[in-house]
Ligand code: PGA
């Protein structure tokens, strides 16, 4: 089974309301003009944008909108938080879970992330589950174990029926927003490892059907060589997703 190619943007905490609308309008127009393949495009925007972007989205067959976080509960006294059903109610289809910035700045543990993954499924959102090792863990060689534990503790409780809907993003923490990119060989090594771990837990067939994205200083210059790797199925793009031209040039790597 051939797996989906996906390019997802992560706007993080950038862009005021109007700036978000402008960027999204540019992206939809460029997709109409330039998208020539089966690749799926996703924009993970701040919550305040989701409803408006969903209304503006007139290329829904190519482009989906997602959130960058959700609370694990369905509703209740959690001041300042947003639930999966609220994301769904404004047209969100995807949600980032486990981004390293959430793990480090907001102390989200593997256990909390497992609950967030379950919340995403309760509300029919597709999780883009992020894993990645720090610079120290890369240097001391423990990164395979770290990545495996992140999967085991937050997503491997899922049934195979649910797991087949998960998108995995490998984002080495040392490469996020730093301008340092994993080399295509380094990224491929990890992606192949992730697929192997999934095959051992579920099945080779399921592992072969899962899209595994690379993230961390991905840009129009390095996307082609990264996406050419056998186990890399696209990218999760931070900084470069804030410029429509750069984002589209990355999307177009998959044009047929
Ligand atoms: P970056 O961010 O492309 O700016 O490194 C990627 C991410 O954090 O998702």
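Just so you know, glycine gets a Cβ as well, placed from its N, Cα and C.
The model shown is predicted, which means the values in this text are computed figures rather than measured ones.
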**Message:** Looking at the substrate binding annotation from TrEMBL, with 10, 11, 12, 177, 238, 239 already listed, which candidate in 159, 160, 217 is the matching residue?
**Reply:** 217
**Complete:** Once DSSP output is merged into helix, strand and coil, residue 12 (substrate binding site) belongs to coil
**Prompt:** Roughly how many angstrom lie between the C-alpha atoms of residue 171 (active site, proton acceptor) and residue 239 (substrate binding site)?
**Reply:** 14
**Asked** Got a sec? Which of these binding-site residues, 177, 238, 239, has the most Cβ atoms within 10 Å?
**Response** 238
**Request:** Determine the binding-site residues, out of 11, 12, 238, lying near ligand 1 in the sense that the CB is under 6 Å from one of its atoms, and give them in sequence order.
**Result:** 238
**Message:** With the substrate site defined by the record as 10, 11, 12, 177, 217, 238, 239, how many Å span the farthest pair of C-alpha atoms?
**Reply:** 14
**Message:** Taking only same-chain residues 6+ apart in sequence, whose CB is under 8 Å from that of residue 11 (substrate binding site), what do you get?
**Reply:** 20, 23, 43, 44, 45, 46, 49, 68, 241, 242
